[in-house]
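Structure, as structure tokens:
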Amino acid sequence: MVHKRPLPGRSNPLLSPDRTPAIAELIDRRRLGQTNLFVKPGHTGATNVPKLQNLGSFDYAHLRAPLPKDLSGSGVFTDSPTPESYFLMRRSSDGYVSATGMFKATFPWASQAEEESERKYIKALDTTSLDETAGNIWIAPSHALELAEEYGVVTWIKALLDNKEIEKGGNEKKSITPPPQYLPVTAPAARGRARRSVSPSKTAAPHKKLASPRKRNPKNASNAANDANAHAASATLQEALNKAASAAFQPPPKGENVRTSDGDKVTVEVDSTIEVNGDVETKHATVRVELPSNSPDNPLPESASDMIAKAKEMVEEARKHEADIPAKKTNKRKADEVEEDDEGSEMPKPKKTKGLEEALKREKAKTKALIGLSATLAIGAAHADLQEADTSTTHELQRGSEWRFEVAFGTNVEVKLLSGTAEVFGTELALNQTYTFTGTKAAIYTWNGCHLEISGSCQVEYTAEETPMISYSNTHFALENLRQSAAAEGREGPRVLVVGPENAGKTSLVKLLTAYATRMGRQPIVVNLDSREGMLSIPGSMTATTFSSIIDVEEGWGSSPTSGPSLVPIKLPLVYYYGLPSPEDNKKIYKPLVTRLALSVSSRLMEDEAAKEAGCLIDTPGAISQGKANYDIIQHVVSEFSVNVLLVLGSERLYSDMLRRFDGTKTSNDENITVIKLSKSGGCVDRDESFLKQTRQASIREYFFGEASRTLSPHTQQVDFGQLLVYKVTEPNSFIASLMPGGEVEGDAPLFEKVEPSVLMQSCVLAVLHASLSDSQETLRDASVMGFVYVADVDDKKRKLRILAPVSGRLPARPMILGSWPEPALSLVG
């Protein structure tokens, strides 16, 4: 394919071999994408433009190629501002590579005339795809490598074609088909025809009278029609097969097993035999495919009956074309036929005719193989469709009841509200909208009754008639009365602290009260003091944010700007990093962070009138409610936030202790503190450590890679040891602390210790602070978090780290904090 032709003189220096990253890093940068194709109004039905009803989602793999900042004078990038990067793409349907993307990424300063000239050249090649999907010209992978040699971007295209699994970016809700594996084309070995011994029937025979020679007629129209029919049958079946197997399945070498993502095997066996009959050589090919019924690569038809009917149509059509092909006639004739001197008698067929018959036989064998493969795919897909249909059930919930369910990680359960009204933690569900849940324990409550359609398998599910929702809703209305009176008097709204033991439902109650407040048009500030579970951030942090919109039903609290675009408005959290699982692990850090959050909340309440009327809701860890030794932390929170409403959940003893300590006392604003006892919901279950660990790992992955509905592309880079200033959170010795009065550590113990990067940091998360490298440890403790980075790899010999960051660009010259919480997140980056 390589031909001498003028190419643009100025190429992208960021793609030059000396500035190209290692191919392993480029392979890790690849991501899967999906977009919906559409046609502009007025273009439907035009030449080479598909009809609207034929368009759908377009799956592809992409590798982001950087572009220079200054693209002035470019004829291909005319929009302002110019993009920072451009995609090198490979479509999933057949694995073809976008030549358009290769040209634009390599020659970003090219003129429109140069782009059009290259476009015409590539379109004239025999191997160029006729389908210009998404406005791009697509070429075969092998020719993309040849074109990459001309462009000087071979490493980039090799990385794009690599057969290593491509990351989807976390969530697996959106099904994106990856491109087929790239198998380099190699020249077949020369095969000679074996010599055969002379057949006894071909020994010398007595002289016979030969038929008189007849005129040789040219190839008639019927032979041409037969040839066309055979190719039409193959083309029709190939097209039907491509539609049935939308995952672009490509068989591996003979007898090879392919493992799907779920561990099932796809077995492909190709057996070929050659039958020799006289001068006619016939090749028979048998293709056998075994696909697991639950394989994600199986196409999912709209219904099993439609798929089977389609397979039957393909078989009938193949038989029709096969009937049009004349049966083979033998070249040998009997002696009496040879002796007949007839002008219309048939002479032995020439070599060209034999070659045509052999071609027809090959097409026939190929047709049968394609029919078998199509039928196998159809049956497997139909079986999977029936299995999917069997898991869909309808639940009728009576008035005042709730459906409680638990979904494991890696499993999806879809819920649709068919009629009535229902809510999840106070957020109302929309009618006929599908909600997908994974890795969660939740409940759907109805005030007036409803019908739910459930698709998928739950670990646990049941309907409960007795719930504490009446008392929870009464608490909301009581808080609403306090907000109204505070607004009338110009005071701050209620500051609510929720305490209780572990797994009592504190976070669920705070979420419910927040959802009810936002539905009333309020904008409460929500504070999370539980470092074991992050809110709008990764675990190990303490956050505060204002909620002015609905809470995301599927994602819990919703998303922050680090999680990418969202249909639900994003939240803007203020984040501080603690780095330890429990407040009692280091009170010298925990209490000052509570004070910093309280100061920030107080400032927001004074500046924002809507937040001032709504007040704040504070979620706490269960550790501070288990034993009087930690009641001083509750006292500290009440004092710093000027709490005037204390909700005690699920513990009679704790309620009694809080009543004696706070009931009747006043806040710094001269307001009475009210202590209220609430019952624990029967839906609150103990979460084992395995489930909590999976939740933390999922939270970290979501921060960097997003979710299935909004995937992100984090950036990896190599960093020298000397470029980082890392401090580790000090964990006091529990034995020494137990000997000190009140369990406190020595006053001169450092808050952090400076550490040298090492392999112990691998798979850990570092918090980047809003502070300078020369700040004191007290300043670092009180500094908010700028963002988080992940240590993917540590090379002690080269003294380098591979860092995963949510955005591209150099790491800022800021101090970083390493904590023991959350634990290392393994296998986040391959």
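Along the chain as shown, the residues are counted starting at 1.
Every residue, even glycine, has its Cβ placed from backbone N, Cα and C.
Straight from TrEMBL, the features:
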- 66-174: domain 'HTH APSES-type' (DOMAIN)
- 169-228: region 'Disordered' (REGION)
- 205-218: compositional bias 'Basic residues' (COMPBIAS)
- 244-264: region 'Disordered' (REGION)
- 319-358: region 'Disordered' (REGION)
- 346-358: compositional bias 'Basic and acidic residues' (COMPBIAS)
- Glu402, Lys441, Asn503, Ala504, Gly505, Lys506, Thr507, Ser508: ATP binding site (BINDING)
Tally the residues of the domain 'HTH APSES-type' (66-174) by DSSP class, grouping H, G and I as helix, E and B as strand, and everything else as coil.
42 helix, 13 strand, 54 coil
To see if you understand the setup: which same-chain residues, six or more apart in sequence, place their Cβ under 8 Å from that of Ala504 (ATP binding site)?
Gly622, Leu649, Gly650, Ser651, Lys680, Cys684
Given the binding-site residues Lys441, Lys506, the candidate whose Cβ has the fewest other Cβ atoms within 10 Å is Lys441
Long-range Cβ environment of Asn503 (ATP binding site), under 8 Å and at least 6 residues apart
Gly622, Cys684, Val685, Asp686, Arg687
Look at the binding-site residues Thr507, Ser508 and tell me which residue has the greatest number of other C-beta atoms within 10 angstroms of its C-beta.
Ser508
Would you count the other CB atoms within 10 A of the CB of Gly505 (ATP binding site), including those on all shown protein chains?
23
Identify, in sequence order, the residues in the chain of Glu402 (ATP binding site) that are 6 or more apart from it along the sequence and have a CB within less than 8 Å of its CB; answer 'none' if there are none.
Ala443, Ile444, Tyr445, Thr446, Thr463, Ala464, Thr467, Met469, Gly683
